[in-house]
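Taken verbatim from TrEMBL:
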DOMAIN    B:20-231  domain 'MacB-like periplasmic core'
TRANSMEM  B:21-41  transmembrane segment
TRANSMEM  B:269-291  transmembrane segment
DOMAIN    B:274-391  domain 'ABC3 transporter permease C-terminal'
TRANSMEM  B:319-341  transmembrane segment
TRANSMEM  B:366-386  transmembrane segment
TRANSMEM  B:418-438  transmembrane segment
DOMAIN    B:423-645  domain 'MacB-like periplasmic core'
TRANSMEM  B:680-705  transmembrane segment
DOMAIN    B:689-802  domain 'ABC3 transporter permease C-terminal'
TRANSMEM  B:741-764  transmembrane segment
TRANSMEM  B:770-792  transmembrane segment
Amino acid sequence: MSNTLIKLENIQKIFFTDEVETHALSDITLTIDKGEYVSISGPSGCGKSTLLSLLGLLDASTEGLYQLAEHDVSNISKRERARIRNMEIGFIFQSFNLISDLDVEENIELPLTYRKDLNKAQRKTMVDNALAKVNMSHRAKHFPSQLSGGQQQRIAVARAIAGNPSIILADEPTGNLDSKNAEAVMELLDLLHAEGATICMVTHDPRSAQRAARNIDILDGQVISDKPLSKENKSNTIVAA
Amino acid sequence: MIWQDFKYAIRLLSKKPGFTALTTLVMATGIGLSVYMFTFFHTILFKDLDFKDGASLVMISGSVNGKQDGYRINALDYAEIMRSVKGLKEYGGYNNANVVVSATEGAIRFPAVLAQANIFQLTRTEPILGRSFRSEDEKIGSEKVVVIGFELWQSQFSGGNDVLKQSMRINGEKYNVVGVMPEGYMFPRNAQIWLPLQIDPRLLTRENSTVLRGLAHLEDGVSMAEVNRELSVVMKRIENQHPQTNTGVGAHVTSIPGVGGADGAPVIYTMHTVAVLILLLASINVGNLLLSRALERGKETAIRVALGAPRSRLISQMLWESTIICTLGGMIGFLVMAWGLEVTEPIVATFYADPLAFWWDFGIDSYSVTLFLIILISTIFVTGLLPAWRSTGGDFNAVLRDGTRGAQGKKAGRLNRALVISEIFISMTVLIASAVMVQSAYEQTNRDMGANTENTLVASVLLPEANYDSDAKKAQFTKTLQSRLENSGAIETAMLATSLPGHYSSISKVIIEGKEYGKDSNNSYPSANDIAIMPGSLAKLGVELRQGRYFNNSDDGLEKSTALVSESFAKRHFPQQDAIGQRFRLAKTTKDTLQWVTIVGVVEHTIQGNRDGDAASMPSIYRPLTQTPGKQLTIAMQLSAKANLAVQHLRKVLQGIDSELASYRIETYQASNDRITAPVVFISSLTAIFALAGVVLAASGIYGVMANTISQRTQEIGIKRALGADEERITKEFVFAGVKLLLWGGIPGILAGGFMGFAMAQMFGTSYSALIFMVITMVSIVVATVLVATYLPTKNALRLEPSQALHYE
Ligand SMILES: Nc1ncnc2c1ncn2[C@@H]1O[C@H](COP(=O)(O)OP(=O)(O)OP(=O)(O)O)[C@@H](O)[C@H]1O
Ligand SMILES: [Mg+2]
């Protein structure tokens, strides 16, 4: 069995709005292996979020081939896409995107309720585990509006990992957080990576980017550099922080 | 500052002309329709009469077994009431009558009032010429006098001052004119001839007494309810003393306009409820539209709060918006309503052969203006306070922080749900109630009343008592009239009756030979329409013979006593036997009606008068006019030539027989029948307009709120899809939420609408299967509306890619 989790070939994404074509992504080819920790960086508007949306099946590419775990997912039904998002992918957003009508537990449980293979008790265990992992068990009954930004993002991480996805996609997870809270979230991601999770993270912040093992640089919808980060670099950053 | 807020509100409204026009229109509909409905009924039923002390003027009417259908009161009971009831003063009795006046242009029939002497004093009005009645005028055998109205004085006496030296021929007798009432004066009905009410003391027996309508003033500080309690005590006492005649007989007071409303209560309540609900619906919709606009500006509001704007300023600004919309819409609604009231009068006039009640003056009055202002102010508050409270009461800090995303917040969600639930409730109620009303009207107008009306003219004739004081003379007149009418080219056949099929007839109590009745009360005898008709007429009218024979020459003769009965009569009273050969008599004790009458034939059921419920199923008895002649006759003429030729001929024939004969109410048979159902058709058309407005308001309202709710939740939908919910799941979730709202609003709505519908169906005799069908249809309409209102916006929101939905603002 191959170790490749994600394989993109000649991916293009064009947005058509009011007769204006925006080439958000042009000709992206890359592979990501199981267990990798990849950071994606580049200037604003270069297509990072678009790439992440494609990876997460939140949107479809205009051209190109996308294989996820050796299955072609470029042309599958909407229902199948939803199922894959649910089972295989965990999202962490810059703006947390918790649902304010639901309390912390319910927010985390939400993606699990979309699965047919879990009963109430199993879901409860998974929610509790996730909450424990992000160290938020004491806030289970709170509503999002009663939590700080850092706490909300930790709940969002818990929600992303509760279903044991094969890949975690994070779009500027620390963008709305101060450095202390950002640090806590980054450490959580480190921990998840250490436990074997595949992580794909968009970030502006070079210090956060340094935590990954591989950095992809994008400019104008194209990959301009794709290189592994040295161990020293990483440890240096940790020391510096 | 207030001025600033006002200008700001104007600027906001003019920036969105579509929104402003829509909300104004909705408000105009709501306010216009409800003010119209209230004013309409107020004018007909609830208005104080425009006389000095008019507010304390009441009418005393009788009832039988709780039914108040315009029953008059036995003169003996009335005398007892006058002695015993302390809450009333200035008692006066009267009766309505039609009289024939020999006028310059020939005999004319006029409505008249036979009144006790204080009739004008009751309204605090003096004649402008001559005198009012004196108590001597009430004595039988006294000088015959008449008081006339101003307009009659003008038309018949050219307004001459010597009128008091003149006389009028009324019903073939000479009456001296003793007084002229002021211009426009009419009381207690639309009539201009007042004659003294003379009660023959020999007729004052319980069994067969004169009946009359009572008038009085309430004593100061006494309410109608108190008088009604007194009346029921008195009537109970009479009932105990005279169970034979008075079991079930009651009396009550109402305002004079209110007399007509007593038994129509279910309709009147329903219409008022519908009007209030429409107004509520309009207010909720506008309130919601304003609210969603306020929410769009939520960020702006939050910034203003952060900058230190006091809450009162924010509320004031939002109240201005609703003030402008409601006032603008209200004024448009008021104008349209005023126009509607103007056109109402000619429409309503077609319902009645006689002139309308004199207080039915449809138009804007102080009541409608006051009501309009009250409604306007309430709508301003309802539509303005909702968004003001919601959008300024929220946690502005949370709005600014924008901490959580997607969902719309608990409070807003709850409010939206409450809005949708009330819209569902209201529309369900309004729809069901209106549908039943329309269905009832449809059934009534389409009921077979038993006769053919094609190509037939009808006319009425009233025989002046003085010239036709014996049955023999009346019978002779009837025969002469029929033969002369048919002896012409213009009229193919002529039919004569006291009442034609479809028309109102008098109702009598009958006693079937060999049957046992409750001995203790006359009211236990069964009722039947009591019609006298010319032999041959039933067959010509197309009333089919079911059994036995029609009348023929062998039935001629005042000493004979044969009858036909309707099929319904035979079924009700002789369910097991053959009706032919059975005998009955009228439950009256005067000598001439004591004889038994033999049934010689059974004809198909005819409806006499109202097409609804009990009235429509009332069985009938027919006697030959040659045995029981009447003095008020209806003539039906099947035409062989043009209608105007026939009318000319009719006039000539009548004149030829007697110059004091007046024919009146000449019209087609169809028109005379349509008039009977016209009020029901009018009311149900009105209801249909309300229902239509209700449906449009509710459907657009429900759609608006749902679409809003769902679009506010676009981000939430995006999040859920990112987490793996597929489209089906999301759609199900929203539709399920919609169904939940449907149940919350719909079940009470079905109950409320069903309750009103049931009350009306009972009153109108609408079939229950039709009722159930209507309920199911209307429920389906509302259900479909809600489902469409959830499904379409959901589908819309799902059209976005999840990645776009996530960034939706
Ligand atoms: N739904 C859309 N419709 C049209 N154009 C879009 C859409 N989404 C993104 N774009 C365009 O595609 C390009 C890439 O956008 P994207 O959001 O991926 O940038 P980004 O690299 O994430 O930038 P940032 O660092 O500011 O978040 C931009 O030029 C953007 O304007
Ligand atoms: Mg981005």
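Placed from the backbone N, Cα and C atoms, the Cβ positions cover glycine too.
Counting residues 6+ beyond its ends, the transmembrane segment (B:770-792) has Cβ neighbours under 8 Å at 420, 424, 427-428, 431-432, 435-436, 439, 443, 695, 698-699, 702-703, 706-707, 710, 731, 734-735, 737-739, 741-742, 746, 749-750, 753-754, 757-758, 761 in the same chain.
A contact between the transmembrane segment (B:418-438) and the transmembrane segment (B:680-705) is present, since 3 or more of their C-beta pairs, 6 or more residues apart, lie under 8 Å. Taken together, the residues in the domain 'ABC3 transporter permease C-terminal' (B:274-391) have a mean pLDDT of 83 on the 0 to 100 scale. Below 8 angstroms of C-beta separation, residues 26, 29-30, 33, 37, 40, 267, 270-271, 274-275, 277-278, 281-282, 284-285, 288-289, 292, 347-348, 351, 416, 419-420, 423-424, 426-427, 430-431, 433-435, 437-438, 440-442, 444-445, 611-612, 764, 781-782, 785-786, 788-789, 792-793 of the same chain, each at least six residues beyond the ends of the transmembrane segment (B:680-705), sit close to that stretch.
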